[in-house]
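Novice: The transmembrane segment annotation in TrEMBL covers A:13-31, A:43-65, A:121-144, A:151-170, A:199-220, A:241-267, A:287-311, A:323-347.
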């Protein structure tokens, strides 16, 4: 039983400390800024993977369209940055100065109305958090209130990812089309392309990731976390215990969507562009693989899984570019067949008992943590 | 609708209840009443519509026609969780518990507090919850197994756990679908004792096949056949009814 005093057990604190040491000390001193920026990019996917742990691993709701929310967050940020980069002076060679370059190429002569509010940074930040939540709420309410679940839900989310990609590519004048929104330069006058800015953004990203992990631990340790597990297992029993099941599913789907959007916004800041290739079906499924490799029941596992798969992707596609997709497929099959609980499952079986022992011998007391099997370590 | 009485003294009154699946009437113009503090057992051959009646009461199946009134409140238009909140608890035929959670957590989730999203996030495991969980666990013979993962319980213990999960909600009407199916003889006896204990202050509607068990617990028996009532009354009266002997009990 977890005690009511604090939702962070000693094991959680250890896991947070180890990850913080890796992200904030080991990696920054051991790799150059180019590689560190890549790690930062990978970590933005980890936000999506963490959301999938809650939504899919805990709640049993498999979404194959998380790229939609990653994209919504990323595009919101990109729109703000693009408007800032499109001052009349910077775009004076265009036939309509003051609007983003791709609009000018597509014969638009004024800024579309829905771009206007993205001139405000405050609105942009709010939109990054609220837009995906609203969108997820609409999708979730439409599906879960009608008791659509399982495979059908997965297919519908995939269809939404496909629709949004087609929409973005088709509406080139409004969205930048297949190239996405590129050539982003400054954030409130601060050049995000310099090495020092990349360091700052990397640490900001890492800090946000830590905050998100703590928030997720709070949710998972609350009764809501146990309810998610319960409704994954026996949805009818939860319903006939007096809960409106759909509301809980909508909540966790929206929560995962907002996390994905934060990742998307940080992606845009660190990578300097956003394109539909991060929105569609393939990236959405890749994000599910990160989560599965890390362990779909562990939020920390999801972070390590994301890092590992992306590190492998970069390494292999530098050396054997044509073999990478086969490697990714093989990895997924291996995870499903051999390690159904991913890296976290291996950790839980092999390493965790030893860590627990070590923690107990270090500081044995009456409040030593007694973990329930569900808690993410 | 011309029913016998629109408001009754019964805890549960089912009137003219009909449900048809593609023209097949699984329950056909059924009238059934459950008194306060009564153990009412529904028996009947396979396919008689016993489980469907429970499904109709708890909102899992929507009625084609007729009414289900609980304390004179119409249930047929309510959603499942609203019916539960009215005070109707339902146990399923197969033990339906959360296998990945502990016995304590199973009971805690069923504790009737913090049932919306915000309430669940801020739910505190306080003294009231802990003592209530312990009290119920003792009633269903699981007080020494609170920290065990529910998947590891025996079949009979899972059945008891589910009954416990209903009891912690303190329902006025408890519906049990074959509560002793798959139980050993001693477990059956314990369950009969349990049911007689928990019926103080509440009514229990049971679907059961085991005649010995029915004899042990039933205050009143309804025999269903092809969605209609074949016979109703005390166990002795029903057992002596030639129609019942003909279609169900056998000669």
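Keep in mind that glycine also has a Cβ here, set from the backbone N, Cα and C atoms.
Automated prediction, rather than curation, is the source of TrEMBL annotations.
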Novice: Report yes or no: does the transmembrane segment (A:241-267) come within contact of the transmembrane segment (A:121-144), defined as 3 or more CB pairs under 8 Å with a sequence separation of 6 or more?
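Specialist: These two segments touch.
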Novice: Apart from its near flanks, which chain residues at least 6 from the ends of the transmembrane segment (A:13-31) lie with a Cβ under 8 angstroms of it?
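Specialist: Residues 39, 43, 199, 202-203, 206, 209-210, 213-214, 300, 303, 355, 359, 377 contact the transmembrane segment (A:13-31) from elsewhere in the chain.
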Novice: Do any residues, 6 or more residues outside the transmembrane segment (A:199-220), come within under 8 Å Cβ-to-Cβ of it, and if so which ones?
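Specialist: For the transmembrane segment (A:199-220), the list is 7-8, 12, 16, 19-20, 23-24, 28, 33, 36-37, 39-40, 43-44, 46-47, 50, 53-54, 58, 192, 255, 259, 262, 266, 269-270, 299-300, 303, 374-376.
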Novice: So if I exclude everything within five residues of the ends of the transmembrane segment (A:121-144), which remaining residues of that chain have a CB under 8 angstroms from its CBs? That is, six or more out.
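Specialist: Sequence-remote neighbours of the transmembrane segment (A:121-144) are 68-69, 72-73, 76-77, 79-80, 153, 156-157, 160, 188, 245-246, 249-250, 253-254, 256-258, 260-262, 264-265.
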